[in-house]
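My structure is below; once you've seen it, I'll send some questions.
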Amino acid sequence: MGIQGLLQFIKDASEPMHVKKYRGQTVAVDTYCWLHKGAFSCAEKLAKGEPTDQYVSYCMKFVDMLLSFGVKPILVFDGRNLPSKQEVEKSRRERRQANLQKGKQLLREGKITEARECFTRSVNITPSMAHDVIRAARTRGVDCVVAPYEADAQLAFLNKSDIAQAVITEDSDLLAFGCKKVILKMDKQGNGLEIEQCHLGRCKSLGNIFTEEKFRYMCILSGCDYLQSLYGIGLGKACKLLRMANNPDILKVIKKMGQYLKMDISVPEEYIEGFTKANNTFLYQLVFDPLRRKVVPLNPYPDHINPAALSYAGTNVGDEKGLQMALGNLDINTMQRIDDFNPDAPQTQPPKAPRSSSWNDRCDKTATTQASIWSQNYEPGCTKSQSPTSPKRPPPTRGKERIVSVQSLKLPQRESQVKRPREDTSLSVDDLLEQYTAGVKRHCPETQPTTKPLTNDNKVSKENHCGSTSGPFRPRNRFATLLQWRNRSEEGTEEQGTCSRFFCHDESNIAETQEDSKQDSSQSVESQEKHVSQSGGDTSSLCEEPEREQDKDEPSSPPASPSCSSRPASVGLGVFSWSGTTKELNKSVSHPARDSTERQRSSSTPSGLSTLQQFHRNKARISWAGPGLSLSSSPVEGSEDAGNSPGSPPSQDSAYFSQSSSISASVENSLVTEDNSDKEKERDSVVSNSPSSSPLDRLKPAVNRTKVSGLSRKGACGQGKGGKIETSAPARASGLRRKPSGKKNVNNENSPGLQATISGLWGAFSFKKDSPKLSATKKGEPMSPVGENVVMETTQADKEIFIIAE
């Protein structure tokens, strides 16, 4: 039964542990605790009298677990009933019998669950059940000891005599017997709680004044198997009493218990006598000494105590019977012989190998090879080995001399991990950078004036010439080399800054067009050289990239000046021009004289952005002084594109070329000078900032309409915000535009031209929700509703004006 609440009272002294801490050592086991747990699983069969050995298997699982960790167990069993516990044993026996009868009655009524619970409480461990476990343990070479009376005293004796280094039990009485180390609540994995006697000082409730003797007194006063406690006295009150009392005579302290605790308690003489018997039972209970093979008291008798007067602590039956009882050869109740085990006889059957508790466990053979406690040459404490946590120390070398040579000494060191050697070790840093960079151009010095088509041999020779020539030749990355030279060959035919991979077409179309127009444009090239050379340094810089492109595409042509190109000047103006369509390019090439005439007309224009102004169409302003003079407004589509893109050649169908040069001159002279200067500045800013117009807009015949002075021109809302993109026609919903019936124009986005931005395209082709309101009082320059992207309803007066003008 133990002492109620003792483990919780001294929990500060307990600590978790694992049984492998005692590897190579010996532990004593209270086997009846395992038997009771194992019998709970087969309580119904035991109550019915059916044969079963489940309790044996349960106990052997713990034995195998201890052996697997290298711990040698000694199984200790209870012997005869102690005279001091006759009352306790009698009450327990009556309680078990009552539960058994109740369980049988519930089983007859069909209440199986309630009956099983009653059978569990009625479990009684018989000597025959203990003997079955002893036989199974002997097959594994495990020593077993049957105590003369109680197993608690026998366990304490084995621990005190250093035969067992620890005790495994579920009973807290072991601490009162004076055990040094007790393992409680151990599971099948070997985990449990360990309480050491030297750690009891950690408990704040006990304090430092407690000794082993006072601890035993406290356990007896709080109630134990040998004496029931007084009413209202537990561990707390008993501990308080012993801390307050300074008298070494415990009997006098017990008599004055009410005064110390300030309680109305009367201590009878029977209680004081029972306290004395209980204390002597804890001290002088009979046990069996396996080394001397004698029955001895737990502690030696003092001189003032008569052993015959301690019959309540056990009766000595003699050393011979005590040995046979300890070996398990005699029945403890009838004292009849049930077995003939002789530890001195040689074992004919080797012990069975213990079972491992897991896949990774290896059974330690040191536990089974240790000498038995029944052998003649057994010495207590010889099986105690060093703790596994403490490393094995080498023998001391003090006073010893030895010559040590360090010549062949190889110190342990971390080997540096060497990466696998690269196959392409002859590559230089520049070659590696060139292979993994996309925008870097490397031009090798050309020794020949003309370039030959690249072949495999030429590629290898050029690679050896440009790359690193030092070191032996090793295989290189063929794929990187081929891609590198392919990129170099393509650099001569296309410009990286203006090439669009989304809108570009095959370069073969442009190359064929240029080859067909070489002979026709030879004369125009000479006139263009003279004209462009006068334009200044800005124009030469703009034409520098087309010159490189011409040198690579036409190696057989004679070297040209840095500012010339095989294309018309309007096409080769770098990022400030739009090449237009292939159809328009053919027109400009087929009429070189007309292009040269237009260029000579603006030869006196300053350099820079003003040079590009010569390609800009000035919008004509009508002077109403002459009644017969009138100019056409902007065309429905394409006129604004032609005016905003200086690089595009003028179309023959546009309204701009439908007027004679004399009429244009007279109209321009009649314009207001202030408005003309302001508008010219605005056009210059638009020309320099606006992107190239879309080449997909098809040019339609111009509709000649006269501009009315009554219509006010929409103010520029984005003058301070950079370039404004003006559209050539009102914005229309996607998919509603009528597709042209003629041949689709060829997109020539690969030619150098200013790239359009997404924000500009959104501003140009998106719907405008609120159309600007026209003020009747504000007068301004007339505008075209189509050209300014303003949708207006034509009133009746406007229609009449248009009719009169026509």
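Any Cβ shown, glycine's included, is placed from N, Cα and C.
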Out of Asp12, Asp30, Asp187, Asp249, which does Swiss-Prot tie to the same Mg(2+) 1 site as Asp78, Glu150, Asp152?
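Record source Swiss-Prot; matching candidate: Asp30.
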If I go by Swiss-Prot, which of Asp132, Asp143, Asp162, Asp225 binds Mg(2+) 2 at the same site as Asp171, Asp173?
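Given Asp171, Asp173 bind Mg(2+) 2 in Swiss-Prot, the matching entry from Asp132, Asp143, Asp162, Asp225 is Asp225.
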Taking 8 Å from the centroid of the Cβ atoms of Asp30, Asp78, Glu150, Asp152 as the cut-off, which other residues in that chain fall inside it around the Mg(2+) 1 site?
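Same chain, not in Asp30, Asp78, Glu150, Asp152, Cβ within 8 Å: Tyr32, Val76, Ala147, Ala151, Ala153, Gln154, Leu155, Asp171.
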Taking the Cβ of each of the binding-site residues and counting other Cβ atoms inside 10 Å, which one has the highest number: Asp30, Asp78, Asp152, Asp171, Asp173?
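Buried the deepest by this measure is Asp152.
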Among the binding-site residues listed here, Glu150, Asp225, whose Cβ has the fewest other Cβ atoms inside 10 Å?
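With the binding-site residues Glu150, Asp225, fewest surrounding Cβ atoms within 10 Å: Asp225.
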Of Asp171, Asp173, Asp225, which binding-site residues are close to Asp152 (Mg(2+) 1 binding site), meaning a Cα within 10 Å of its Cα?
Asp171, Asp173
Under DSSP, is Glu150 (Mg(2+) 1 binding site) part of a helix or a strand, or is it coil?
coil
Could you give me three numbers for the region 'I-domain' (138-229), the DSSP helix, strand and coil residue counts?
33 helix, 18 strand, 41 coil
